[in-house]
């Protein structure tokens with residue numbers, strides 16, 4: 001079906017800029033953008049439908065490129081404990097922290113995980129998200145990692161959005177491998193990844209590179225295996241310390257390196273050369289009350305593409321609003337509103353390997369876009385909450401009005 005969408009203003013986000021078109025029109029057909037430009041330049045179109053957008057601003061559909069949306073349990077009690085002065089180490093000693101989420105996720109059925117994740121994902125969708133990434137990493141064995149990744153695939157099948165599934169089996173050390181990190185990495189490489197990839201459940205491979213998780217050498221073994229399987233890689237890096245994980249990610253042409261509060265200029269240079277996207281996660285920075293800022297000047301100076309994401313997870317960023325992350329990116333990390341919007345559209349698409357098809361409003365790309373009743377694009381980063389999108393369009397069809 002061919003549809004003409006008109007009486008609107010468009011922030012195309014081409015090349016990471018607003019690239020605004022005033023009094024614009026968009027023609028969509030077969031789920032793609034067939035034409036976009038000033039309405040006055042639109043030639044007569046044999047359209048099945050014409051939609052008046054009432055002067056709304058149009059942006060690409062928002063893309064949340066880093067989430068842990070599938071998990072069992074609830075850790076709000078730990079939040080209360082931390083506010084009362086209980087340390088993370090004490091909480092962990094009591095059986096809390098990520099270990100509690102692993103236990104709850106292992107105990108939950110696939111249907112239970114799907115039902116809870118569906119609610120969280122629908123909250124993101126109401127905020128204008130049309131594409132998101134979902135990581136595993138709370139199962140930490142083959143059966144439970146498979147269960148989480150199956151939920152991610154089901155969400156894509158049953159909801160009108162695109163989902164990229166990332167295997168994060170190297171998220172933490174499971175209790176049955178206590179003190180045997182090398183053995184666990186070998187198990188992931190020899191057993192888990194080949195099986196999950198063969199089942200078509202994995203779009204990318206991720207790991208957590210930190211002193212409290214996995215070393216660069218262990219991560220490199222995982223990356224080598226991912227490359228053998230034809231899977232792109234990503235990395236949680238430099239969140240708590242500098243291990244130059246982001247440089248390691250760049251050596252393997254990673255789609256992205258994420259967090260990056262402690263990255264160095266050397267890391268930024270390596271990422272720029274490799275085309276690896278820097279995914280910043282202000283929700284975790286805010287929730288954990290961190291003080292070390294990502295090196296924004298170095299990222300800009302070397303031309304590293306910068307994305308923003310919610311990092312939705314039960315322990316460090318229980319954030320259900322990607323629009324709130326726009327504001328946090330500006331207030332916490334000193335991004336401009338234009339940089340922040342690029343971070344949840346065109347650069348987020350690149351961080352998922354979707355840069356050729358998603359993330360900006362250009363001819364030939366997927367017709368995912370959002371209509372906002374705002375005065376200017378910067379309003380999306382300026383307002384804390386407020387009205388939901390006026391319309392959300394996925395592959396040229398309205399999914400919310």
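Cβ atoms here come from the backbone N, Cα and C positions, even for glycine.
Values in this document were obtained by computation on a predicted structure and should not be read as measured data.
Secondary structure from DSSP puts residue 236 (Fe(3+) binding site) in a beta strand. The Cβ of residue 236 (Fe(3+) binding site) has 30 other Cβ atoms within 10 Å, all protein chains considered. Residues annotated as Fe(3+) binding site in Swiss-Prot: 66, 68, 236, 311.
According to Swiss-Prot, the Zn(2+) binding site annotation covers 66, 68, 236, 311. The Cβ neighbour count for residue 66 (Fe(3+) binding site), using a 10 Å radius and every protein chain shown, is 31.
Secondary structure at residue 75 (4-imidazolone-5-propanoate binding site), taken from DSSP and collapsed to helix, strand or coil, is coil. Residues annotated as 4-imidazolone-5-propanoate binding site in Swiss-Prot: 75, 138, 171, 239, 316.
When Cβ atoms from all protein chains are considered, those within 10 Å of residue 315 (N-formimidoyl-L-glutamate binding site) total 21, not counting its own. Taken from Swiss-Prot, the feature N-formimidoyl-L-glutamate binding site covers 138, 313, 315.
Within the same chain, residues at least 6 positions away in sequence whose Cβ sits under 8 Å from that of residue 75 (4-imidazolone-5-propanoate binding site) are 96, 100, 101, 314, 315, 318.
Ranking the binding-site residues 66, 68, 236, 311, 313 by the distance of their Cα atoms from the Cα of residue 171 (4-imidazolone-5-propanoate binding site) places 236 first. DSSP gives residue 171 (4-imidazolone-5-propanoate binding site) a coil state; it is part of no helix or strand.
Within 8 Å of the centroid defined by the CB atoms of 66, 68, 236, 311, the record's Zn(2+) site, lie the Cβ atoms of 67, 135, 258, 259, 281, 284, 309, 312, 313, 317, excluding the listed residues themselves. The two recorded residues, residue 313 (N-formimidoyl-L-glutamate binding site) and residue 68 (Fe(3+) binding site), have Cα atoms 5 Å apart.
Among the binding-site residues 66, 68, 236, the residue whose Cα lies closest in space to that of residue 316 (4-imidazolone-5-propanoate binding site) is 68.
Residue 66 (Fe(3+) binding site) sits 15 Å from residue 138 (4-imidazolone-5-propanoate binding site), taking the C-alpha atoms as the reference points.
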